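The structure appears right after this line, and notes come after that.
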């Protein structure tokens with residue numbers, strides 16, 4: 001990742017808590033900050049992070065590409081391999097990742113723009129995109145929206161680095177998979193307003209219990225000032241935990257209404273979505289699945305609190321387009337509902353519901369992969385998904401991955417086949433579907449990120465390309 005970052009070296013050293021004696025001769029400056037040596041350019045500050053490989057191994061490469069300075073962790077052996085000239089451009093820190101967060105925090109604190117934080121077990125990215133879409137009246141350089149799903153301890157800092165003097169609104173998505181991460185991100189981003197979409201079972205393997213997940217999601221208030229507002233849906237799990245954590249920070253909690261007196265009323269339902277009523281005006285919401293409406297209502301609740309005009313809200317909702325691999329409907333020989341980016345039990349059930357709405361009387365193929373990070377709860381959650389499909393005998397289920405076998409076992413006759421992760425020919429399977437099922441069949445593709453379910457979507461569209469070439 002790379003972001004603008006225009007600071008003098010002396011200021012950067014101040015941000016990092018360096019002593020005055022370390023700053024007195026600092027005369028240089030930087031214009032960019034990056035954690036990728038491949039994206040390094042003249043004037044960049046390179047931050048080497050540890051992942052599958054140690055980023056310190058690529059310091060020389062970053063410098064060759066023009067990086068002006070780099071951070072390095074004290075005692076890292078890779079630093080000793082650098083030349084004297086290369087070493088002169090290094091800034092020592094105890095932990096490069098924490099230093100990245102520290103720089104982002106100082107940068108964010110320089111500006112008085114509105115920051116809206118979004119977290120939740122499901123629906124974070126679509127909610128972030130929808131809320132960002134409601135600020136369509138702002139110029140591109142007046143708003144910062146988290147790109148893609150860059151919502152972790154690396155992505156959030158790089159989102160915040162995009163803030164500048166012209167920024168009016170920041171919509172910042174915050175994700176986690178271990179305890180303490182939301183609090184850390186909130187303290188960096190310091191949201192003025194926050195929204196929790198859901199409290200579900202995602203990452204329960206690492207957190208241990210639904211209650212721990214509720215505590216973690218509620219910690220989005222930890223970086224918020226007194227008097228800030230947290231929005232959550234009525235009916236959310238563990239509402240008392242949410243209120244207790246918010247109270248500890250003197251943050252007020254507003255529950256947006258769901259079924260009783262909802263902000264948006266469902267007037268009509270069709271395969272493509274819903275006709276909604278908002279203050280006497282009709283809105284077309286062009287995505288199927290009732291569970292998504294909760295997040296739409298949450299976005300409207302935030303928009304109303306900010307004083308956005310009714311027409312602005314309506315236009316933002318009606319012009320929304322689903323992000324790639326997130327309930328994106330692709331029409332070809334088959335009608336493919338590409339929801340392949342990720343999955344947890346709640347989002348899986350939501351997508352199945354959406355597929356049933358979209359299909360109407362058409363046949364559905366559910367191509368479902370394993371859901372990861374469920375730990376000891378994995379079997380029961382996968383069985384739950386399978387049981388939800390038992391009574392849909394006219395449709396067909398194919399499962400992919402070890403844990404997904406439990407979906408198949410619980411689904412009964414609906415289950416038509418299982419695919420092993422290390423023994424599947426995606427093109428051949430796509431061809432099998434093409435020769436077995438008629439044109440217009442609806443296919444839902446969904447599974448955890450590590451399952452890379454998009455390979456099935458790509459194989460299906462590869463057949464389309466071959467057909468066009470033949471014709």
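Glycine residues also receive a Cβ, built from the backbone N, Cα and C atoms like all the rest.
The feature ATP binding site is assigned by TrEMBL to 120, 121, 122, 123, 124, 125, 126. Residues annotated as domain 'Mur ligase N-terminal catalytic' in TrEMBL: 33-107. Marked as domain 'Mur ligase central' by TrEMBL: 118-303. Annotated domain 'Mur ligase C-terminal' per TrEMBL: 333-449, in sequence order.
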So, in DSSP terms, is residue 121 (ATP binding site) helix, strand, or coil?
coil
Other than 120, 121, 122, 123, 124, 125, 126, which residues of the chain come within 8 Å of the ATP site, judged by Cβ distance to the Cβ centroid of those residues?
118, 127, 197, 198, 295, 347
Take the domain 'Mur ligase N-terminal catalytic' (33-107) and average the pLDDT across it for me.
96
How many of the residues that make up the domain 'Mur ligase C-terminal' (333-449) does DSSP mark as helix, as strand and as coil?
52 helix, 25 strand, 40 coil
Run through the Cβ atoms and count how many others sit within 10 Å of the one on residue 121 (ATP binding site).
26
Residue 126 (ATP binding site) - helix vs strand vs coil (DSSP):
helix
Site of maximum Cβ density within 10 Å, from binding-site residues 122, 125, 126:
122
Can you check which residues sit near residue 120 (ATP binding site), meaning Cβ under 8 Å from its Cβ, same chain, 6 or more apart in sequence, and list them in order?
127, 195, 196, 197, 198, 199, 200, 217
